């Protein structure tokens, strides 16, 4: 009788929780998020504006509009291979640890701990740097809003100095941390607002901007014009300029793994996790291209966008495009300020979602004793059931990363590179392990690639390696202290310390994901 009750209870269990128990983990976080809420958080982490807006100006400057416009299409195509490969793995392993958990199980008992260690730290570095990118770009947008609201650069408007810029950066980070210490329902509710904010705001900007602009570029200019910005970038090689112009697309089209971080809190995660990954990637690919086209068609004067004496001080190209469009038709900047606020809202929601994801990864790694003082960071708030200590650790590190804003001009370039290489590099480990593992050791979920797995994973892995490589390249010439991309140095030092810790000590005790329930039979 008792056995039948247990059997019935197991059958009634959520499919994601059932698979979680098979893998050796008990349900600790609340499993109450629906497909739509999970998709909202995943979509918000990728965000329509936050990737494109801050890098649009520099990418346009390297090789002109055609390279930027078609670059988005090319990058979307190759990124889809990464998304499909990850969706298959997510379907089989619906756990909060996601990438590093996948790496441990797919690499097998011999290489699992080392693969898990590398993946966990890459992902942790990438996600925490990701909070910094949102805080920096959000502050940059706010800087332009303040400038246009108090006049313009030509009419005595207030351009926030570096100390105030840093204060805005820190304030945003702290606000996200405070919001993430509340129950997950609060975050999910805010992210529902976020998805509508971005869908409606995106449609308004994409449709309104070209209609408002008095002068519009021709289709021939947008889709075929190739202009080298040698004088401003120092890049004289055409292939190199094209490679750098793709950076905006490569930076924008990731973050779709956010759904995987929330799988222990999502109903039917073995099905809804993959759907969220692929849906958010597809939505952003379409909306992102439309946003790039709207900005590019609305350019008034290409060279004036970068003029330090223009209305936005040459600091933020999208802001100047918006200003030219609305001031040209209505002779004021009110419309530009409103749309910049919509874009700023996107940065705010994106940073909030990335903080959520970063805290979940730190919590999961702490649960498996992979971070110093793990006992502190793995604590879950007894009432709210959120990893609040992990949230504040992420916020503190993010604030420290932003301190060089006071002295260094290329902080955003470095934080962006660290974020992309860490975050996307973390994808490579489980995808490579999935590609080389014996198929008999893989227990597929509802989403399964079958024979297509190896070619899909190969394309995805090569594309990730290429993406990480280009973010280490110098972005301006000649190379000076002001233009030096110090991401290779920062990453080199950080990852070297992590590797030294592994060989000296961690390899003796770190075994990858630690099961917290006893299971019978083979959990794999």
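Counting begins at 1 with the first residue displayed.
Backbone N, Cα and C define each Cβ position, glycine as well.
Keep in mind that TrEMBL annotations are predicted by a computer and have not been checked by a curator.
In TrEMBL, the transmembrane segment annotation falls on 277-299 of the listed ranges 254-276, 277-299. Looking at 195-213, 412-436, 456-477, the range that has the most CB pairs within less than 8 A of the transmembrane segment (69-90) turns out to be 456-477. By number of Cβ pairs under 8 Å, the transmembrane segment (386-406) is matched best by 163-189 from the list 163-189, 195-213, 412-436. With respect to Cβ pairs under 8 Å, the transmembrane segment (195-213) is most closely packed against 277-299, considering the stretches 277-299, 336-365, 412-436, 456-477, 483-504.
Within its own chain, the transmembrane segment (456-477) is flanked in space by residues 58, 78-79, 81-82, 84-85, 233-235, 243-244, 246-247, 250-251, 413, 416-417, 420-421, 424-425, 427-428, 431-432, 434-435, 449, 483-485, 487-488, 491, which lie at least six positions past its ends and keep a Cβ under 8 Å from the stretch. Taking Cβ pairs closer than 8 Å, the transmembrane segment (483-504) reaches residues 114, 117, 121-122, 125, 409-410, 413-414, 417-418, 421-422, 471-477, 510 in its own chain, all 6 or more past its ends.
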